[in-house]
Amino acid sequence: MPPAMGGGLAGSELRSRRGRCGSQAARVVGRDVAAEAAARSPKRPVRSSRRFEAAGRWALLALVTLVSFATRFHRLDQPAHVCWDETHFGKMGSYYINRTFFFDVHPPLGKMLIGLAGYLSGYDGTFLFQKPGDKYEHHRYMGMRGFCAFLGSWLIPFAYLTVLDLSKSFPAALLTAALLTFDTGCLTLSQYILLDPILMFFIMAAMLSMVKYNSCADRPFSAPWWSWLSLTGISLAGALGVKFVGLFIILQVGLNTISDLWHLFGDLSLSLVTVGKHLTARILCLIVLPLVLYVAIFAVHITVLNKSGPGDGFFSSAFQARLSGNNLYNASIPEHLAYGSVVTVKNLRMAIGYLHSHRHLYPEGVGARQQQVTTYLHKDYNNLWIIKKHNTNSDPLDPSFPVEFVRHGDIIRLEHKETSRNLHSHYHEAPLTRKHYQVTGYGINGTGDSNDFWRIEVVNRKFGNRIKVLRSRIRLIHLVTGCVLGSSGKVLPKWGWEQLEVTCTPYLKDTLSSIWNVEDHINPKLPNISLDVLQPSFPEILLESHMVMIRGNNGLKPKDNEFTSKPWHWPINYQGLRFSGANDTDFRVYLLGNPVVWWLNLVSIALYLLSGSIAAIAMQRGAQLPAEVEGLTKILLRGGGQLLLGWVLHYFPFFLMGRVLYFHHYFPAMLFSSMLTGVLWDTLLRLCAWGLASSSLARGVHALGILSLLLGTAYSFYLFHPLAYGMVGPLAQDPESPMAGLRWLESWDF
């Protein structure tokens, strides 16, 4: 066997099933080798050699970690202004420090950790994070950036250890570490106040922990086995707690666990009691523990954010009643609806908001040119409506008139308080939704026509009952057309201020989008009751939070002048994202992957599919392979297969998503493709070396190949590093630019 084929490959591949630390045969071989070595050499040099080898392993890991931290923390303070999505996640960190409730489409863990890092580093939560380019000045932002860089720095040693465990090859692990260290995209994402480095940290921690507990399969229920299994569950909770795409790594761990349990079930040397213990351990560590931690994250989130803020309108009236500073908090309002009451009407579908109108008209060609009616997510005076009888203009608040309650089945008018126009519908088509009718504001000082009349109905209640504020679920049925007032949830164009479309649907099926409740209620003639009894329980808050987040995620739309992308763009590094600056006087940072690394990864995936298919067919057909080739083939199929599965699970689901997508969504998948590249090229070079007769030549082929890849990625990083660390001066098309000649694709906008 040529020396180039060393590194523990043959011994590691004597395992009887994937994931075990070593089979009985491997241990027997190991004892034979150890006995022979002991017979030939004194004990002290052998022990010294092992210590030297162990010290070398730790030194290499320390070097990889040191270079990773050095590249991520270099020029971390530049630029000293808000970049890209720091405007969102920095602001949300401030909300946690100020205990102000807000809404975001992602679970709260990432923002909580950013806020905690800011608080511990002396940031007081007063910076506004209004828009990219705002200077931080005296505000302490480095704690939050430093925290994200700290977690981003661990991606490289995690990947190094994962590949080392899967391949038992230091060159493969070192090549993987170099690919990620010298990737400008991973570097850029790690240096700013973003969720991405936090998410990728937990994904890689889960992957490493899973691989480690697989490698301890021959020592089940030992302390290391329990530790790695528990760390896997903790990391899964962390990944899902940052973003919902953490579900992809949960799916990968789940598939690995199912496969592992299936092999255990087929091992007839194990009793069913033992198999049951394995199943119970995985349920506890990979299901119960992550769920408990995930729920605990939301408990902390809800406890900390106890003050009213900009996210209130996304949630139900009962949810808002628990927020200090909200107009419903500790409020007392009349219990039953009466004529003359000033009210706000809220849609029960999550993230739709309040029935709203304003003085702007629908544009020419969009139904009747009358006043717009929309739904709006925030508190506003234009959300206020007065409930009046359909057949009289007398003032119900006149002291001489007795109080008259609104009841199920009554015919009413809703007059917009600010403009004195009535809620109105007719047979004109709605602006966006076909076969639905337009809803407008119509009339002068409350005087309109019969198309202003609505029948109010309480869902699942009998005729004649009073309507309760907050608790009654009501429908408004148009008297002339028979349609039901609702919201499609579609975002209107700029002429509608990007608020949500209100329509009157002729389809009478009950849906949440056509059901409303009365929230604010002002009527000086009625006694008030406390709203404390309406506050929801924790399970109700948890369920509502998830419904709002999922709906918000699905409804994300691109902002003006924002570079969105399609999933097929990502692996080819087709287009980057501008983090900061646009012209030659700005400090410019551009998110783009190192093209040498990314295109090598793309080639490696194709090459792996080809070589892996050939190897799998050969082994399935029972081809007699030399022991060394068989060992390398198993590493390629098993270790590489795990990594390919990770790439597939973190990439292809984006093709099925209807929401807006960005380039940075690909980076978790890119981690897996880089690890696959490290395993593939190390294995192929070893196979090439095996085919050469001369052992010295074999060692040289492998070493030269790995060294060429390492130097190539390092040199490409030298060329493209200004993208991550910042550029000032001429743009790339200028010969004087530091990026001159490096704009290899026209779609790269630097």
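Placement of Cβ uses the backbone N, Cα and C atoms for every residue, glycine included.
Look at TrEMBL and you will find 334-390 (among others) tagged as domain 'MIR'.
Under the heading domain 'MIR', TrEMBL lists 403-459 (among others).
Here TrEMBL flags 464-521 (among others) as domain 'MIR'.
The transmembrane segment annotation in TrEMBL covers 142-163 (among others).
TrEMBL lists 194-213 (among others) with the feature transmembrane segment.
Positions annotated as transmembrane segment by TrEMBL: 225-258 (among others). Listed as Cβ neighbours of the transmembrane segment (225-258) (distance under 8 Å, sequence separation of 6 or more from its ends, same chain) are residues 106-110, 195, 198-199, 201-203, 205-207, 209-210, 212-214, 216-217, 219, 281-282, 285-287, 289-291, 293-294, 297, 549-550, 553, 642, 645-646, 649-650, 653, 665, 668.
Away from its own ends, the transmembrane segment (279-300) comes close to residues 107-109, 112, 221, 226, 229-230, 232-234, 236-238, 240-241, 250, 253-254, 257, 261, 538, 541-542, 545 of its chain (Cβ-Cβ under 8 Å, at least six residues beyond either end). Summarising the annotation, TrEMBL assigns transmembrane segment to 279-300 (among others).
The transmembrane segment annotation in TrEMBL covers 596-618 (among others).
Positions annotated as transmembrane segment by TrEMBL: 643-663 (among others). Away from its own ends, the transmembrane segment (643-663) comes close to residues 166, 203, 207, 245, 248-249, 251-252, 255, 553-558, 563-567, 569-571, 575-577, 591, 605, 608-609, 612, 669, 671-673, 675-676, 679 of its chain (Cβ-Cβ under 8 Å, at least six residues beyond either end).
Taken from TrEMBL, the feature transmembrane segment covers 669-689 (among others).
TrEMBL lists 701-720 (among others) with the feature transmembrane segment. Sequence-distant neighbours of the transmembrane segment (701-720) (same chain, 6+ residues past either end, Cβ-Cβ under 8 Å): 4, 171, 174-175, 178-179, 181-184, 592, 594-597, 600, 681-682, 685-686, 688-689, 692, 739, 742.
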Stretch contact, the transmembrane segment (142-163) with the transmembrane segment (596-618), Cβ-Cβ under 8 Å, 3+ pairs: no
Distant-in-sequence neighbours of the transmembrane segment (596-618), which means Cβ under 8 A and at least six residues beyond its ends: 179, 182-183, 185, 571-573, 625, 633, 636-637, 640-641, 644, 647, 670, 673-674, 676-677, 680-681, 684, 709, 712-713, 716
Secondary structure content of the domain 'MIR' (403-459), with strand meaning DSSP E or B: 3 helix, 29 strand, 25 coil
Positions whose Cβ lies under 8 angstroms from the transmembrane segment (669-689), at least six residues beyond its ends: 2, 4-5, 9, 155, 159, 162-163, 166-167, 169, 171-177, 179-180, 183, 185-186, 200, 203-204, 570-571, 593, 597-598, 600-602, 604-605, 607-608, 611, 629, 632, 635-636, 639-640, 643-644, 646-647, 650-651, 697-699, 701-702, 705-706, 709
For the domain 'MIR' (334-390), the number of residues DSSP places in helix, strand and coil: 3 helix, 28 strand, 26 coil
Same-chain residues near the transmembrane segment (194-213), Cβ under 8 Å, at least 6 residues beyond its ends: 84-86, 89, 106, 109-111, 113-114, 148-149, 151-152, 154-155, 158-159, 161-162, 165-166, 224-225, 228-229, 231-232, 235-236, 238-239, 241-243, 245-246, 249, 252-253, 256, 642, 646, 650, 664, 667-668, 671
The domain 'MIR' (464-521) - residue tally per DSSP class, helix then strand then coil: 6 helix, 27 strand, 25 coil
